[in-house]
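Database features (TrEMBL):
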COMPBIAS  414-435  compositional bias 'Basic and acidic residues'
COMPBIAS  444-463  compositional bias 'Basic and acidic residues'
DOMAIN    46-155  domain 'CFAP74 third Ig-like'
DOMAIN    162-256  domain 'CFAP74 fourth Ig-like'
DOMAIN    536-618  domain 'Abnormal spindle-like microcephaly-associated protein ASH'
DOMAIN    654-746  domain 'CFAP65 tenth Ig-like'
REGION    368-468  region 'Disordered'
């Protein structure tokens, strides 16, 4: 467009205007000028079908293509050239730049737009904000006017801005992870998809594994988790790619450290735990043997191989117990660590609530006392005389109303009113006065309440003691308003290789050798409140001897708003714990007592959890703990056999033994004799003819206190002669057999006896006729002859002709019922008529035996040279025993030859 010249006759000045604009003089007196223009448009042969090419939103470093449609409406061919601003040469291209367009035809040129990041600086004058408007034209040969058109695009950057391009994770142990937060901002006006690719094994990006979409102008945060798998230096790059194929690099470095000790778990998740209950978890800590590759440079001086000292540290105020908290671990060994968490209400909160309840109770008591005192003062102010005068005035007023007219009644009414005011208004006032008094009383009461509230801080009460009714009520109030929450904290474990020389010494540690345990505990509100056992959910039975039992009671209260049906998880049927009573429905604010019994059958420590649940949600874990101690009872003398020896028939022999309780608990004992209970075995034992027990023990039951000794007497009382009295004595400690004694005894009808023979046991031929006198040929009773059989076996010797010896013991019993305390014995010679009279010899053949002693008689067998092959040599003689009575024993000698 050409410039227009406007001449003003008033000012004689010339103003040149910009193309397309008319400017007027700012001088006010100058009037407006009307300009009229007229023109005629001619069609040029070359034109574009789209004068504005809109490429919409374009991002840098991406190629966008479109076409420029040129039409020749003329009849002759024309040559055209596409002209662009020189600043856009690196970013915009039209191909081909020159072309020949035939008449009455069209031509399409290809437009390529590749905005580089420098387009904002190169083409700043073509930008309006982020919108780019490019003026372009087509020049035609032999045509003065070019054909204008424009190219529009909204250029957006595809950059992602990271909060940090260098990340140092620091030192990270091989058993833990270090988290760094990375913020990403999308500066583009388009959403961008991104993703971290080709991540090393030691890094993880969350959330969504490092992939996602960022909205325009949005900033998001990602967690970069570094987990070292080797003790070395780490240096790597993280690559973030976008859907536009843009790549961003983030340099990262870190150090991997291998601690001297290793935890089995670094994160411990506890189950939901109600208040005032105990929950436990176990982890292990191991002293691993480090290889040569573990001595990385980043760890500095490697801790020497060997025992390590560890110590767990818990923050103050955290209700967690760690056992053991401090210890020493040898190389290649592990230690089990128990984490015990007991959530409870803070003592300060309970004390504040209890103090508030006590203050409120004291305020209410003071208010009631003040009201009672005020009532007493009002009653004392109304004297009997005032009441009597009031009643007389009332009667006078009634009489005046009957005698006089209306005026007199009015006067009487004034008198009554005055009388009522004098009497203090005790029932004689009007309704208006009574209403006024009630309103005054309300006002005074409100004023009293206000005064009490204002002086609440002035009320002094003693702090309630723990365990008091006020304290328990404060606990119940806090439990009712308790809100569930999750307690999350960390526990540090410090490691050192130097052991302290004393209890007050501190040992050095290094941060890279420090372990951490993250603990998460959901704390929930309980429905049951434990009243007994100091509110503790752990019931400790202490130490109980095996076979014994201990019963404890636990009282719980329903602190919920509805009735609950108590239920319990089953206890181990083979375990030592037992619930002795049934569970029932507990109404709100009611209690129920549980009876629990601990009766161990073997030694050891026992732990069992009984889940006390109800029909609603939640429950309380009751932890039952008890230790069973094996009774250590020592028998003195330490022998499994008690032999009473020979006892005179009718006498009583007593042996003693002791039981010493060597444990720290009292034990119950019970002594049983098998002869009294075993009916089937009684026929194989010699029993008294009178039916009385042969053996007895005193005492047979009782209790032995710790470190005490109990003495027992075993009594042997035979009533007839027998060499085979026996019984079995069993000692039961807490109903469990611990010792067994075999009791044996022999009874003789005279003070002299013989042992060492080969007689058959009388149990093999015992009959009801035993003890009956023998009869002679004439029918007269004769003294029975006791046989004494001695067997000789030449084959037992070293060779033929060797002398075979046997021994007999002749003893004398000391009896309190027999005056004589010595005895004599004589062995008669074998009759000469016996061909083997010289084959057997005796040494000695006679002698005297003192009381409670024995004499040994040696019998020798001299095998003859002319013995019959496989024959038996027999010889008989008598042994005469002279004690309290004279007895003759038949000595039967039998020998088996070697051939």
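Cβ atoms here come from the backbone N, Cα and C positions, even for glycine.
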*For the domain 'CFAP74 third Ig-like' (46-155), mean pLDDT (0 to 100)*: 89
_DSSP on the domain 'CFAP65 tenth Ig-like' (654-746): how many residues come out helix, how many strand, how many coil?_
9 helix, 54 strand, 30 coil
*Over the span of the domain 'CFAP74 third Ig-like' (46-155), count residues by DSSP class, listing helix, strand and coil in order.*
10 helix, 64 strand, 36 coil
*Counting by DSSP, what is the helix, strand and coil composition of the domain 'Abnormal spindle-like microcephaly-associated protein ASH' (536-618)?*
0 helix, 44 strand, 39 coil
